[in-house]
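Features reported for this protein in Swiss-Prot:
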- Gly111, Met131, Gly132, Asp133, Tyr134, Val135, Leu136: S-adenosyl-L-methionine binding site (BINDING)
Amino acid sequence: MKIDYLTLFPEMFDGVLNHSIMKRAQENNKLQINTVNFRDYAINKHNQVDDYPYGGGQGMVLKPEPVFNAMEDLDVTEQTRVILMCPQGEPFSHQKAVELSKADHIVFICGHYEGYDERIRTHLVTDEISMGDYVLTGGELPAMTMTDAIVRLIPGVLGNEQSHQDDSFSDGLLEFPQYTRPREFKGLTVPDVLLSGNHANIDAWRHEQKLIRTYNKRPDLIEKYPLTNEDKQILERYKIGLKKG
């Protein structure tokens, strides 16, 4: 996969993209990273990339010329996913990360200021994505967050494919509780089932815990999840247990 970032602050990406999984993905030729400062593509002597909005209003708007010019230097095809980070976009999700992990080429347009000239949005962009109902100073941090979520799903990046298959959201539920050594710590013990060696019982316990954890923390996900009759019985027993205290 190749990822290009159009940004006014390419140095922001160094710390995140040159360590841990991102670094290994590049070393193993699973990922190619390129940052482009679109200020270099400004058309006046002051390298101006923003201007006042037509019709008045607060803040500055990113001009179309630098972004369009920068895009012309990228090897963009009809299959390239050009992503605009903006609050009005589709909320980012694990499902979106899975979809994007199958792309060969992604371009992130990371803006600043009040917004983008609408012609950037309508003529260059394939996907508008939001990280949530809040506003950040720029698109760099969301782009890096998305990159981490996407790249770890590329086959061969994590080494153990089961690693991301057990993650929260991979099957629509939150992840089950995890434990490691020591068996007892400050009077807190690991559930016996995890030490039993009975993998069928362990899998059943983990699924039950995923259902209960999701029910408690993300009931919206439970509403979307295709509960089996057994799942419904698990949750019903849990609710009865809560009432009994």
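These residue numbers are counts, starting from 1, taken along the chain as shown.
Glycine is treated like the rest: Cβ placed from N, Cα and C.
Positions of Swiss-Prot features highlighted on the structure.
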residue: Gly111; record: S-adenosyl-L-methionine binding site; Cβ contacts under 8 Å, 6 or more apart: Leu62, Leu84, Met85, Cys86, Gly138, Gly139
residue: Met131; record: S-adenosyl-L-methionine binding site; Cβ contacts under 8 Å, 6 or more apart: Met85, Pro91, Phe92, Pro142, Thr145, Met146
residue: Gly132; record: S-adenosyl-L-methionine binding site; Cβ contacts under 8 Å, 6 or more apart: Pro91
residue: Asp133; record: S-adenosyl-L-methionine binding site; Cβ contacts under 8 Å, 6 or more apart: Pro87
residue: Tyr134; record: S-adenosyl-L-methionine binding site; Cβ contacts under 8 Å, 6 or more apart: Pro87
residue: Val135; record: S-adenosyl-L-methionine binding site; Cβ contacts under 8 Å, 6 or more apart: Pro87
residue: Leu136; record: S-adenosyl-L-methionine binding site; Cβ contacts under 8 Å, 6 or more apart: Pro142
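Whole-number maximum of the Cα to Cα distances across the S-adenosyl-L-methionine-binding residues Gly111, Met131, Gly132, Asp133, Tyr134, Val135, Leu136: 17 angstrom. DSSP classifies Gly111 (S-adenosyl-L-methionine binding site) as coil under the three-state reduction.
The secondary structure of Gly132 (S-adenosyl-L-methionine binding site), as reduced to three states from DSSP, is coil rather than helix or strand.
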